[in-house]
Amino acid sequence: QDEETQHSLECIQANQIFPRKQLIREDENLQVPFIELHGESTEYVGRAEDAIIALSNYRLHIKFKESVVNVPLQLIESVECRDIFQLHLTCKDCKVIRCQFSTFEQCQDWLKRLNNAIRPPSKIEDLFSFAYHAWCMEVYASEKEQHGDLCRPGEHVTSRFKNEVERMGFDMNNAWRISNINEKYKLCGSYPQEIIVPAWITDKELESVASFRSWKRIPAVVYRHQSNGAVISRCGQPEVSWWGWRNADDEHLVQSVAKACASDSRSNSNKLMNGNCSRDFSNGGDLSDVEFDSSISNASGAESLAIQPQKLLILDARSYAAAVANRAKGGGCECPEYYPNCEVVFMGMANIHSIRKSFQSLRLLCTQMPDPGNWLSALESTKWLQHLSVLLKSALLVVHAVDRDQRPVLVHCSDGWDRTPQIVALAKLLLDPYYRTTEGFQVLVETEWLDFGHKFADRCGHGENSDDLNERCPVFLQWLDCVHQLQRQFPCSFEFNEAFLVKLVQHTYSCLFGTFLCNNAKERGEKHTQERTCSVWSLLRAANKAFRNLLYSSQSESVLYPVCHVRNLMLWSAVYLPCSSPSTPADDTCAPYPVPGSSPEDQPLGRLPKTRSFDNLTTACDSSVPTTNRRSSDPSLNEKWQEHRRSLELSSLGNPGDDPFDGDGLSKQGRAPVGAELSVAAGVAEGQMENILQEATKDDVGLEEHLRGSLETVG
């Protein structure tokens, strides 16, 4: 009875708090050109030049003769009027949309409507994810079904902290302990409630350390190498300031991390002398390629320059100059004299303002019509790939220290919620095969990005009154791009495919799900987002075959050592380019987003590459040709991979009845069953991967078929 009462209250909320809006038609003969999601109501339908345009509380939909724009409102960054009759929409995922109108007045009307629609919400409930969930609950209540797994993440996500402590084998008897000093976020509002610290560090000492670290973000252990016991910790910068303040408890805590590693009962076998994995960079410049290569190539053991065993590596993501400049604002960096068993390295990573500028340059380049003749030099001038390279190098230094030299590492930048999660999450991905599974990757994102307070609301611009453009930056997108680069270099090491990452990019901004709302876990708890919105992991779940990498092998490399040079990195065309095939002049106003509810046969032939694939990839892998059993780092296999990925970019094609981003996959009465609500079309680089495998094995078993509903950019 209590459950029925709860359902009734939710139904009341859906109807009264999120009422449907009155539809305004510019022409009485016009109909809404798409199937609405639960809680979605179309407000305007009109005619553009050679197109029908519709605006709902969730999306902008423009139906041209041969293409369709279908983009969530929160994915749109800005709208402006160009050439009097043309609307120019810039999207947060690098796409640009153009729509031509017949009259200036009509263009201005739609400009005002769109600017009102994309304005940051005055209250969080204005975001569509709340209305969507409430109306979904009403449907479930009316059908007397449990929403269960369709809206919630799995147990591996909800119990992630306990599971991770057990999985990584922390010695909780002698070396480490779980502190509840941040229970109810009373110490730090942007940290999780439970943190791992050395066993002998008291909560009183932690309070003292918090007073010395930026935003009270104290050093917290987030990863333990299961073989040698070395750990990764993260924190905010020390508040040294111009006065040169120091804190004895902070110095004790940092050195205790290294001591705890040594005392860990499971990590005391075969202690090796540490190789000099990185160089002090006191002049503040970036590590050059030569310096980076030499530091990575130094072998552990007697041949290398011997330094003190278990010397903790402090990796500061900033340049030395930036770290010193932060002293003027009360920040700074660790002084090696005060942290005697530590080595400090500066990586020279750019701040959010430089990354934002680089991304804007990339977006301008990728949307130029026609294709610029100086493409490669223009791409270089954006510095986007250079930024990815520095990030990968930073993570690789952490991996080298932890895996090869058995050294603990402490990572921080300024505040510890932008560059720090990028480095730490990427290092964990390289170190641990678990995070390269679908479930493990979900845990990684939840832990390093959500629990430790990356400011998604400010960085994505969908927070309450988040009008400050200086706070916006595609930090998470940049990290996902690095994950994509790893997928290219190690095609057999990830359980999920490229389509998984592309969907995650889209739903980071879409606000269809509540996973990436607010700036930290404390805010999400206060707003009850977990109870009032759906989780993105209910879509990107392990059981969804659309996101499964058919080349995945659980026996692939345990630790990944990627090539980080710019020349080995590639533009993520599936995300940044309007379409995967060369555009024709007629495509100038074409949508970068695919048609929801269309089949591959409906698409223009220029966007539909044919591919050869195996009917049964498992059978194909059992071929007598031995090359299928190569390691994924095999140079000849990677050459095939790179060659095909250059020539066969993913086609942005829709598929009916699959993804809530399309507005076609969620159940309504008379439509798809509720149980199939969050399924997605098979859309991966599966066809491409099979091509690679076929080429590598010289197996002529391929059959002609179209790539099935690949990578809908509208999710």
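Cβ coordinates come from backbone N, Cα and C, glycine included.
TrEMBL entries are annotated by machine, without manual review.
Features reported for this protein in TrEMBL:
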| type | residues | note |
| --- | --- | --- |
| DOMAIN | 155-576 | domain 'Myotubularin phosphatase' |
| BINDING | Asn326, Arg327, Ala328, Lys329, Asn351, Ile352, Cys413, Ser414, Asp415, Gly416, Trp417, Asp418, Arg419 | substrate binding site |
| REGION | 590-674 | region 'Disordered' |
| COMPBIAS | 614-636 | compositional bias 'Polar residues' |
| REGION | 695-715 | region 'Disordered' |
| COMPBIAS | 696-709 | compositional bias 'Basic and acidic residues' |
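Less than 8 angstroms from the CB of Asp415 (substrate binding site) sit Ser214, Trp215, Arg217, Gly236, Gln237, each of them six or more residues away in the same chain.
In this structure, of the binding-site residues Asn326, Ala328, Cys413, Arg419, the smallest number of CB atoms within 10 A of the CB marks Ala328.
The average per-residue pLDDT of the prediction over the domain 'Myotubularin phosphatase' (155-576) is 90, rounded to a whole number. When Cβ atoms from all protein chains are considered, those within 10 Å of Trp417 (substrate binding site) total 26, not counting its own. Taken over all pairs of the listed substrate-binding residues (Asn326, Arg327, Ala328, Lys329, Asn351, Ile352, Cys413, Ser414, Asp415, Gly416, Trp417, Asp418, Arg419), the Cα spread reaches a maximum of 21 Å, rounded to the nearest whole number. For Asn351 (substrate binding site), the Cβ neighbour count at a 10 Å cut-off comes to 16, with all displayed protein chains included.
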